[in-house]
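Data first, discussion second: the structure below is written as structure tokens.
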Amino acid sequence: MIKKLKSPYWPLHLMLLPGLLLVVIYSYGPLFGIIMAFQKFKPAKGFFDSPWAGFDNFQYVLDMPDSARILWNTVIIALFKIVAGFIVPIIVALLLNEVRKDVFKRGIQTMIYLPHFLSWIILGGILIDILSPSSGIVNQLLAWVGIEPIYFLGDNRWFRQVLVMSDVWKEFGFNTIVYLAALTSINPSLYEAAIVDGAGRWKQTWYVTLPGMMPIIVLTLTLSLGNVLNAGFDQVFNLYSPQVYETGDIIDTFVYRIGLIDAQYGVATAVGLFKSVVSFAFISISYYLAYRLANYRIF
Amino acid sequence: MVERLTTGRRVFVAVNYALLLFMSLLCLLPLIHVLSVSFSSSEAATAGLVKLWPVEFTASSYQFVLAKPAFLTSVGVTLQRVAIGVTVNMLLTILVAYPLSKEVTKFPYRTVYVWVFVITILFHGGLIPQYMIVKYTGIMDTIWALVLPSVVPVFNVVLLLNFFRGLPKELEEAAFIDGAGHWTTLWRVIVPLSAPALATITLFATVGHWNSWFDGLIFMNSPEHYPLQSYLQTVVINRDLSLVSSSDMKSLMEVSDRTAKAAQIFLGALPILLVYPFLQRFFMKGIVLGSVKE
């Protein structure tokens, strides 16, 4: 019985090996690459031979006139998305819950889930077409009721609104799923008891449905905390232009431009590191809260 | 439950239906509008006559797009990345999910491995370090740059390992008693039983690879290596004239920029629309899978 002397775990280790190896290279490698934030990085010299720069890269960003504005844009866009993207799905789930005809309900669900599965390239292309000030159908409709054409994607007074609304448009349907699942798990006898006690529809919603959804509401809200610096790179990158940098330039787009367009690798890494550290703090807090409040664990 | 319909209730139901219908149209009509534009004549589209039905129906913008070598090449690259990427994703997801689905008592190293993967979702190196690693590992401008950096989708691993945990323990124990090792048990017992979960994750991975565009944009040096969505990014979003050849230019005049863009948008969305019925059936399950926790 030589086999017994060997660790019984080796097949399990072996299964993990390929995935682990690639994760170490492509996820942990970049973590090591963070040292670029403290270097005057030259790609030809690599991580090991580039000269050190101390905190110069950070100082450089702090001295830039735009940095406060970019941080503010990021936070304000992200917060509006979190709030709007949190409220709308709950309302829609409650409305869907009142629909008794299954065919109608399924039809609605099919349509509102769709935008979630399309990329921001497709949706961005659609938005650019329909919001165009010259030929877009939205401005045609506005002209119909006597409103002057609005350059939604090129006007700083409108750009953030477009970002928040189109983000809600993409995700609200899909985000109703978790709430609808929670609604089906509410014990029907609670409603019967409420009716016996004389509760009408509104009171049933208020005293039975909403409390039944509370755990999942708390969970989604705490988990969304981790997104305070995620203003949505895919979306912003495909909709913005230099005219709306003032209201729409966010950390991620800024990192892309100074890093990959201007090739200021060290500076861009420093900005990215700032975002990673702050996000890490928020994500950790949110997971901890989700664990304490809703007994949620990732693994 | 038979309910008496009061007037208030009737009004509510009517308003509710109207509201929900309005929201669904909001999701659908923009797509229908763009589809109509793509099938309209360039004059009608440029004059803004198209609403929700093609005006002066023509498929010429599709002929133009489908005859463009750059478009077809990018479709080829996308098909390649989906084929390779999804296969590798699935293989590694299964191989990682199985050991991690074991209880700590059965596999004491589980905790360590879990942390290795959890840290990757908590803390990112950021765009530039990731770019440099891809550069230094020599996969820049190859299909592997689109596959390897996101090769273990941790959330899919979580979905799958939760599904594995929901399977009856007796089956696995029976396999062990019959002398099967972990490998045999995984491929002969666990995987065949997990078809619904695997189908869900395969679809997620496919949609993910189909929709990815940023990696193509930054990791591919030459436009002929762009996957479809990256290519669309350059022509539909950022009109990069350098990618338009002179012969394209000539036919572009006949096709109008707007209808050609509309046709490309629609073609880029088409595969998603085609698998959508399956997606919808599976992702509800997928979400439910993810919420099953012990």
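Think of each number as a place in line: the chain as shown, counted from 1.
Just so you know, glycine gets a Cβ as well, placed from its N, Cα and C.
According to TrEMBL, the features are:
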TRANSMEM  B:12-32  transmembrane segment
DOMAIN    B:75-276  domain 'ABC transmembrane type-1'
TRANSMEM  B:82-100  transmembrane segment
TRANSMEM  B:112-131  transmembrane segment
TRANSMEM  B:143-164  transmembrane segment
TRANSMEM  B:185-210  transmembrane segment
TRANSMEM  B:262-279  transmembrane segment
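In summary, the transmembrane segment (B:143-164) lies against the transmembrane segment (B:82-100): three or more C-beta pairs, each 6 or more positions apart in sequence, are under 8 Å.
Among the stretches B:12-32, B:82-100, B:262-279, the one making the largest number of Cβ pairs under 8 Å with the transmembrane segment (B:185-210) is B:82-100. Under 8 Å from some Cβ of the transmembrane segment (B:12-32) lie the Cβ atoms of residues 5, 52, 266, 269, all in the same chain and six or more residues away from its ends.
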